[in-house]
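Take a look at the structure below.
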Amino acid sequence: MQRISFFIPLALVPLGCFGGVIGFCYNWPEDSNMFGLAVSCPSVDIDSLHMWIGSSIGLWVSIIFLTWYVLFPQWNGMERDQRLFVLPIRDNFFSSLGLLMKRKDETVETKTDRGNGDEENPFVKEIEERKKRKNTKPYVYICGTMWHETRQEMLQLLKSLFRLDFHRSKYKIAEKVFKVDVDYFEHEIHIIFDDAFETDNISRQRLPNEWVKQLVECMEEASTSVARGHLSWDSKPTKTTTPYGGRLNWTMPGGTEMTIHLKDKDKIRHKKRWSQIMYMYYLLGYKMMGINLEDSFFAKETIKRCPYRRIASILNQLPKYNVDKAHNSFILALDGDVDFKPEAVQKLIDKMKKNRKVGAVCGRIRPVGSGPIVWYQQFEYAVGHWLQKTSEHVFGCVLCCPGAFSLFRATALMDDNVMRMYTSPPSEARHFIQYEQGEDRWLCTLMLQQGWEIDYAASADAFTFAPQTFEEFFVQRRRWAPSTLANIIDLLSSWRVTTKVNDNISTLFILYQFIILSSCLLGIGTVTLLITGSFNAVLKITMFDSYVVAVTPVVLYAIICMKCSNDKQIVAARLLSAVYTLVMVIVTVGLFVNLATEKSYSPNFIFVVEIPFIFVFAGFAHPKEMMCLVHGLLYYLMVPSTFITLTVYYICNIHIVSWGTREKKTEDDNIAETESGNSTNSATPPILIKCLQNLGVLALVKERTGLIKQLLGARVEQQSDDNKTKSSILPPLGATPVPRTETRRPAVRQDPDAWQSKEYFGLKGKENIKKEETDFWNEILDKYLIPIVEDKQEKKKIQKELKSLRNNVAFGFLLVNFLFATAIFQLQNNEDQLKSFYILKEYEPLSVTFLVVFALVILLQFIGMLIHRWGTFLHLISSVRLFSKATEEEWAKQALKETENLQSADHEVDYQETISLSTISYDSRVNDFDIISDWEPVRDYPHDDEQTHTEYERNFRRRYETIRRNFGPSKKLNIESMHKHNTDINRTNLYLRTFVRKCRS
């Protein structure tokens, strides 16, 4: 592509210019007037014309000779300008020649450096460093967090992990057997299973719960689905008891190690953030660095330290070897229900390899499911990635890498104020919102404040289950939205320091985020005014009445959210959403009525035309996601529900910091509720009851009630824990009941290995944990992850602070929106008196200002999307090869395809097609192979007792050896048969290439 699109056009420009000038001067030798400019040419006759043409061709040939190396580039695609050209690139006089002549020649630079002896050449040093990094394969820790996922969600994640194992095995075998150069990554898998134990009612031991059993049972089904058939691998795990609970180890069919860490919340702190802290310290500290203590590593003697960061950083105190190792190691964060392909992970790694300053990369998350709520989210996710993610990526940094599918660089996590700050427990009410409700966004905020760049890879797709019910969707956004606001406010409040430390975040980008935040905060007032204007235009009621009708539902729902339970809030939200859907029909009619009276240059007209155009164009710019535009109609009808109902819901519920979804009450929770109920009943009786007791009325009522019950033979029965009933005397009304000791559960028996006896774990033996690892876990547990002992007084204090924060935020939020809406309403309602202050005496200034700013933000996001799509297009073009012969890349693709077929468990693989290769031979002039007669390929594998193979490698070996034994010289195949059996030819070429190479070696 570089030869055709760069070298050939630029090389033809001088020749075209010479020919044009000579032809013009030959035909119009006299002075001419062209485009108002006087053009004078020297007289040219036939004799001198040959000299001109000859000298021009000579100059052009010299240019081609000097820039001939550009035809044979040795650079990778999508390189930076600094690596390709001698700066500055632009030449004001000879732009085409400047681009050609300033193109760097890698071979010349390398030779120059070798001839300089001890002198260092930064250019070649950079090249060698890049080649070294290219030869070093990245190491990825695949880390997923699980809790109470359904069977379908577990299968979706496990299939993705088994695909990674299949992919790794395929690439390693192709590299080993077919000797092709393929780019892949090494990895190991860790799944952190939160709250995996429960107390058995009979044995009183801590045993794995039903979700752990479900996960283990899904292993066989997931492996069979990926391998396209049954595998004879050992699907039962090795069990190990650990200080935090236990873990299960599998060796997958492709040789990948997978570990399931089972957390016991009685031994280690639960919830997602603490699971992330757990695997970060374990993988980056213990496994990668091989250390137990944080501070002991820095006390060791080191040979050479590396000034890695230009700012104060803990990384500057590490040895260069450890920094390089950490820089090429990554953590892939996954949710328990995500679905992805290995190619998506490779695209995330490519982003990391392209820029060493990138600390995290997120992919394109696509929600899956069925129903209107999922359709709504599909459009919402699409627009968020089309416009918001791309604009953040182009103009600054992406602010959030979702934990569903994101890649983090180890050095970025290990940096100052990132991982260590991430371990901070919440000590204030606002910390519960920022730290616990949106841990992924907070981690990214810490990385941005430390100077790391966060990128977005649009082509790295991942699929995750989205909430399908109204309640689940609202509860999810109740967590996400306050956390998003809290982290953006945190980033804005530290903008001076962040802009100095982070080169990718500018003051203008901070201003852009401030405008986005302001538009979100004023969403209620904006939509309320939109409804007010529509009621006035369509229903022909006064502006004041329209405003009252539009504001009343907002006030009522805010009161419901402040006073009622969550179930009643959801019911009211459903009702309001249905009503608002009908209101949007009125709003649509009102928009057309207002546009009919507006001029074409009015702000309202321009805004209404701009928004649909941008959305539709963005959809066409993403052809694979164009169907999301259909769901945009549903999103449009749900605008009031989104900006009013949902906003009021999460603002009035920010004091609730529980997860809210997939929660199941445990025995401890039931006991706590029982005790809470008893304490509630034992509270001080109401004043009316006290008065009746003082007057003796209650004693009289109790005496008459007891007499009646004795006459009727009634008995008061009470249910005990062992389901036996026993009679009791009715306690006096208002008396404090004695707590029943039967409700207290017996003490849990402490047998750490009891959980290993579960049948679904199989009969495979257990492993003992190393002493060094035990010491590591004990230290980490004591320092960061020890379970929090609930202090009732502290809990009440935090709850009180959270409610106070809720009251202040809700009051301020609603007050700002009410003032904003009232101000614009008064300006519009008093149009006649304020006409002189209007813009062009037609348009109210405050609303026009808000409208113009919002329109400019949308336009800026649209421009960012275009720039990002252009970059994606260049990325695709850079990998395209035109008019080229068979290359190593094509050989690698064919080798990978063949390896995939041979290693799979599919018993319907066409063996005859492969074995029939023995009946095919090719002319050396056609296939570019010198066929050697009487040759026998060397053995590619040792005997079974000489080497241990994975399950996939055993499948490959069995079929590959069959092909090797049956391959040999025979009849020639004519050209027509070659075109007819193109697939066979590609495969045969591959085996000929492999066997002949082995024979020669």
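Using the three backbone atoms N, Cα and C, a Cβ is placed for every residue, glycine included.
Copied over from TrEMBL:
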TRANSMEM  7-29  transmembrane segment
TRANSMEM  49-72  transmembrane segment
TRANSMEM  509-531  transmembrane segment
TRANSMEM  537-560  transmembrane segment
TRANSMEM  572-595  transmembrane segment
TRANSMEM  601-621  transmembrane segment
TRANSMEM  633-651  transmembrane segment
REGION    722-750  region 'Disordered'
COMPBIAS  741-750  compositional bias 'Basic and acidic residues'
TRANSMEM  805-827  transmembrane segment
TRANSMEM  847-867  transmembrane segment
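Outside the transmembrane segment (572-595), and at least 6 residues removed from its termini, the chain residues within Cβ reach (under 8 Å) are 470, 474, 530-531, 533-539, 553, 557, 560, 564, 604-605, 608, 636-641, 644-646, 649. Highest Cβ contact count with the transmembrane segment (633-651) among the listed stretches 49-72, 537-560, 805-827, 847-867 falls to 537-560 (criterion: pairs under 8 Å). Taking pairs at least six residues apart, the transmembrane segment (847-867) and the transmembrane segment (601-621) share three or more Cβ pairs below 8 Å and count as touching.
Sequence-distant contacts of the transmembrane segment (601-621) (same chain, at least 6 residues past either end, Cβ-Cβ under 8 Å): 382-383, 386-387, 591, 594-595, 628-629, 632, 842-843, 848, 851-852, 854-855, 858-859, 861-862, 865-866, 869. With a cut-off of 8 Å between Cβ atoms, the residues of this chain six or more beyond the transmembrane segment (509-531) that come close are 395-397, 399, 485, 488-489, 491-492, 495, 498-499, 546-547, 550-551, 554, 583, 586-587, 639-640, 643-644, 647-648, 813-814, 816-818, 820-821, 824-825, 847, 850, 853-854, 857, 860.
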